[in-house]
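Worksheet: one structure, shown below.
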Amino acid sequence: MIRLAVFAAVLAVAFGAAVIAPNLGLRAPRPIVRADDPEEHMSVPEIITYWGYPSQTVPVTTQDGYILQVHRIPYGKSGPGSGKRPVVFMQHGLEGQSSNWVTNLPSESAAFIFADAGYDVWLGNMRGNTYGMGHTTLDPKSHEFWQFSWDEMAKYDLEAMIDTVLKLTSQPSLYYIGHSQGTLTMFSKLATDQTFAPKIKMFFALAPVGTVGHIKGALYYIAEYLGTTIELLLHLFGEDEFLPSGTIMDTLAAFFCGIFHHSNPLCNNILFLIAGPDSKQLNATRMPVYLGHCPAGTSTQNMVHWVQTVKSNQQQMYDYGSSAANQQHYGNPIPPIYDVSQIRAPVYLYHSDYDWLADSTDVNNHLVPNIKPEYLKGNTELFEFNHMDFIWGLRAAAEVYQPILTIIDKDSKNSRK
């Protein structure tokens, strides 16, 4: 996420975002003494085994040919035990990857916590990230490879990964935990495909995204001041892959975040420009590990779709830019709306007023009133969680993961009787 954060910070300053500085809750400079964390340079399977857990990697091919790697922790340190373990599937957010769930210490990382609690944990990856760069026919260097947004992730990636997991585990359904874009894609999938709902026992949405009309911080300024011209600007920074490695953004990231001096507090503050105020939950000594894995990559088209979503304040399919192009793709001059009232799986929402991307106002104005009451099982507003605290925050284990475990434990024990 850091190249995205730097990109947003530069544009925000250029377009006057400095006026919000008094409300940023920026972290004051403080010295950090640390040795290199070996996980900074490890793959996700290497991180898993480094901490003493079993690891598997399963390749998944989507209906439209993308090859995604799904990572698995089949059991915790107590061993495999006997009988089938209920499946928990975790899906990362925008510019994320499966590492998001394992880059804190084991006692703070969701994947390790759920594995130790007796669950079969699977970590998804979306097309275009570090572990989603394969295709049956397309070269990642080609323009065609990058013609996707979160529409395709919802339509193809989730179905391919979850169907594979259920087939390999011989289970009819699983528990799904999504963060950010990992909630947006699941909301969209469930809204358009009711045959998919029986595969989801429960959907736990962390920093849930449907509409983003009340987004704050640097990304608001990008959408507000650049508007529809964002497409041109994004193409300047990566016509196909959004801000790929080797761009000018890497140089700016090195300047702001101190690639050669990771204790630079500017790096943390830039992150807060996007995620929300400093909630005092960030373990700054782990920043090199986070930055060693994120941003993990996505397409320019996906970022354009996000900006469209901000501008329209609708949970809507990608706008191809003209009535004729939309008519060709959708049979309608206007991109279709995702109707979350059609969701037929149990949903639990976890959000916070400190989150500048998944703003609680959007959650309460869009998701809460439109998801049918019989399927909206929980709506929890957390105190001072910014957008990244749901996966990296020091309080996430106690205030997010353990409450979810309590719900799943009760349900899974009942379902096995």
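Glycine too: its Cβ is placed from the backbone N, Cα and C atoms.
Taken from TrEMBL as is:
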- S180: active site, nucleophile (ACT_SITE)
- D355: active site, charge relay system (ACT_SITE)
- H387: active site, charge relay system (ACT_SITE)
- 44-105: domain 'Partial AB-hydrolase lipase' (DOMAIN)
- 1-16: signal peptide (SIGNAL)
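Straight-line distance linking the Cα atoms of H387 (active site, charge relay system) and the residue listed as 'active site, nucleophile', rounded to a whole number, equals 8 Å. For the domain 'Partial AB-hydrolase lipase' (44-105), the model gives a mean pLDDT of 95. The 10 Å shell around the Cβ of D355 (active site, charge relay system) contains 32 further Cβ atoms across the protein chains shown. Around the Cβ of S180 (active site, nucleophile), the same chain contributes H92, G93, L94, G96, L206, A207, V209, L357, A358, H387, F390, each under 8 angstroms and 6 or more positions distant in sequence. A sphere of 10 angstroms centred on the C-beta of H387 (active site, charge relay system) encloses 30 other C-beta atoms.
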